[in-house]
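**Student:** Structure provided below as structure tokens; questions to follow.
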Amino acid sequence: LNPSVQSMHLWLNPGCLALTSGSRVLFHLCALVLICLQYKTLIFFFQGGNNAGHTVVVDSVEYDFHLLPSGIINPKVISFIGNGVVIHLPGLFEEAEKNLKKGKVFDFHQAADGIQEQQREQAGKTLGTTKKGIGPVYSSKAARSGLRMCDLVSDFDEFSERFKVLANQYKAVYPTLEIDIEGELKKLKDYMEKVKPMVKDGVYFMYEALHGPPKKILVEGANAALLDIDFGTYPFVTSSNCTVGGVCTGLGMPPQNVGEVYGVVKAYTTRVGIGAFPTEQDNEIGELLQKRGKEFGVTTGRKRRCGWLDLVSLRYVYMINGFTALALTKLDILDVFPEIKVGVAYKLDGEIIPHFPANHEVLNKVEVQYETLPGWDTDISNARTFDELPVNAQNYVRFIEMELGVPVKWIGVGKSRESMIQLF
């Protein structure tokens, strides 16, 4: 492992500027984050938990991130996990130790998540959750019964009493749920000693970062925009706000301090688990995309469903987030296709509809109208400038820009940060 990673700087919010946001149901943004971090001194993580993952390759070493901000591998960058993040402490330290050699998620949250999903399966209404306890812990937060990082590090006796109440509430709702309350508290006390030196007041930390000596800040989210609890493909979504508005609530950042907003999108579309997917290719094309892109969920290991790029949903996500530029990743995966389709419109009952449907049942019924572009049938993985790309690959990028009205700033042609072409 990279020895420089041992010098990591991590702060946690007791309550966790440019913004990168996964603009589709995707998980490939770490290479972009690392490029941006060449010019940034702080990286903030604003929502989600360890239910999503990102992979990055640095100096031929592959790192997987779930709870830790991607900037943790840069010893010159301070990483900060905001109040919008829910933290499973065993998962946090396991991830840190693995890569080195706030609301809180407890083990019973994860167990309850599994029971809930089992009940939904029996009713034929499964959501395809990662079973990481994300839904239950955000539910505890909304019900005002959850426990925060500041509770853990302030008065452990008071924390213990509230933990027992919360655990017993879950046992009452789920009689088959087994919780070793005293054993859990013993582990949490050990974690408290480890994590206490890293806990900072997030509001003041953020204010000083924004108003003190000039600093360049990067904000990173865990999940893609169409998994947003309000704007995503509900109910097949996560339990937090992963669109740009979540930055303000997940970090305590005033909206006027949000600067550039970069949308990260694959050159094709993927999705893990259940949910509407209009451009999905449940055929040889989808299988080839899955195989070439090595499309497996970092968190669950499940195969990702694959399909053509969907500009209807991408326009919708752009309307919500106001991207100033895009990073188009994994363009090299399309190298072998003689022709490439792009979804440009939806039809419902034979008529083109002017919007992305909010209702999931309607979204499941739409028919996609495609534009077909010629492929390039050339290995582009060694390209390092836009001019080195084949003309048809260049045309594919320009077509996306024209349809969306958003410039593409980066093009990914491989897994490493060296494989990210910067256009401007």
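Each residue's number is its place along the chain shown, starting with 1.
Using the three backbone atoms N, Cα and C, a Cβ is placed for every residue, glycine included.
Grabbed the feature section from TrEMBL, which reads as follows:
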| type | residues | note |
| --- | --- | --- |
| ACT_SITE | His54 | active site, proton donor |
| ACT_SITE | Lys141 | active site |
| BINDING | Asn51, Ala52, Gly53, His54, Thr130, Arg144, Asn223, Thr238, Arg302 | IMP binding site |
| BINDING | Gly53 | Mg(2+) binding site |
| BINDING | Gly53, His54, Thr55, Arg304, Lys330, Leu331, Asp332, Gly412, Val413, Gly414 | GTP binding site |
| BINDING | Val298, Thr299, Thr300, Gly301, Arg302, Lys303, Arg304 | substrate binding site |
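Could you tell me the structural context for the features on the list?
**Tutor:** Under the three-state DSSP scheme, Arg302 (IMP binding site) falls in the coil class.
Sequence-distant neighbours of Val413 (GTP binding site) (same chain, 6+ apart, CB under 8 A from its CB) are Leu331, Asp332, Ile380, Ser381, Asn382, Ala383, Leu389, Ser419, Met420, Ile421.
Listed in sequence order, the residues of the same chain lying 6 or more apart from Arg304 (substrate binding site) and placing their CB within less than 8 Å of its CB are Thr270, Arg271, Val272, Gln290, Gly293, Glu295, Phe296, Gly297.
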**Student:** Where does Asn223 (IMP binding site) sit in the DSSP three-state scheme?
**Tutor:** strand
**Student:** Out of the binding-site residues Asn223, Gly301, Arg302, Lys303, Lys330, give me the one sitting nearest to Lys141 (active site) by CA distance.
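**Tutor:** For Lys141 (active site), the spatially nearest of the binding-site residues is Asn223.
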**Student:** Might you list, by sequence position, any residue in that chain lying six or more from Arg302 (IMP binding site) with a Cβ less than 8 Å away from its Cβ?
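**Tutor:** Looking at Cβ-Cβ distances below 8 Å from Arg302 (IMP binding site), excluding near sequence neighbours, one finds Val272, Gly273, Phe296.
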**Student:** In angstrom units, rounded to an integer, how far apart are the Cα atoms of Gly301 (substrate binding site) and Asn223 (IMP binding site)?
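**Tutor:** Taking the Cα atoms only, Gly301 (substrate binding site) lies 16 Å from Asn223 (IMP binding site).
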